[in-house]
Amino acid sequence: MAMNKSVGLFSSASLAVDYVDSLLPENPLQEPFKNAWVYMLDNYTKFQIATWGSLIVHETIYFLFSLPGFLFQFIPFMRKYKIQKDKPETFEGQWKCLKGILFNHFFIQLPLICGTYYFTEFFNIPYDWERMPRWYFTLARCLGCAVIEDTWHYFLHRLLHHKRIYKYIHKVHHEFQAPFGIEAEYAHPLETLILGTGFFIGIVLLCDHVILLWAWVTMRLLETIDVHSGYDIPLNPLNYIPFYTGARHHDFHHMNFIGNYASTFTWWDRIFGTDVQYHAYTEKMKKLGKKSE
């Protein structure tokens, strides 16, 4: 009986979604996107799409999203939005970071990306246009992946800060006390594997099409580059997401080394009280700001 009720509710929800979808205006980008997708399927193998497609998506999105933060250091107007104004970026630091990033991308992440095709084949994940999910279902699954990754990240990140292992692995990521966008994936290879596992758990549980893999890569990179940007930009649309950590939240983690362990959402830090120092610091800064006015 309970099973029948659940099926009935699911069917009703699906019908409601279909009805709302029928009322929405036609997406002008859908036809060009469909043509490009079909062309890709006709001209490339699944292995090429899964491997080189995933690599291109990752590298393009990573450096494209990192570019604004890199340019901000040369724009005097943007200085007022930099969170740690007393710690400007240096050429030496950024060059060291870039070399570390490229090593991780091509010697750690690329071998993992090469397994994407075998992953999709093992789990029967489709590539075809006919089974392409609607954008809002993909978005919902990406949010599900974000919740799963954030949970994994909080507890494993906190473990990496344990005094007995911190200096061996996670200390590499904290070489930069004032983070900047491209530094988001600068880490010890073991950390890349440990924290990166959280990215794949959601994919294993929720992936219904290869497009979700690329959409989730895009969302995760956008988020991690934003929180590592070192800038608190007004009207940043990401800051309107409920419980979103944001640049100030994670910047404090780099400045203080303790607390604010979550990657995307604030609830785990709030539940376990690991944001107490952060809130005390923000209150102190507010009082100092009022006194200086």
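Including glycine, each Cβ sits where the backbone N, Cα and C put it.
Looking at 2-6, 22-26, 157-161, 187-191, the range tied to motif 'Histidine box-1' in Swiss-Prot is 157-161. Swiss-Prot lists motif 'Histidine box-2' for one of the ranges 85-89, 170-174, namely 170-174. In this model, the motif 'Histidine box-1' (157-161) carries an average pLDDT of 98. Counting only same-chain residues 6+ beyond the ends of the motif 'Histidine box-3' (249-255), those with a CB under 8 A from a CB of the stretch are 83-84, 174, 176-179, 227-228, 230, 232, 261-262, 266, 275, 277-278, 281. Break the motif 'Histidine box-1' (157-161) down by DSSP state and the numbers are 4 helix, 0 strand, 1 coil.
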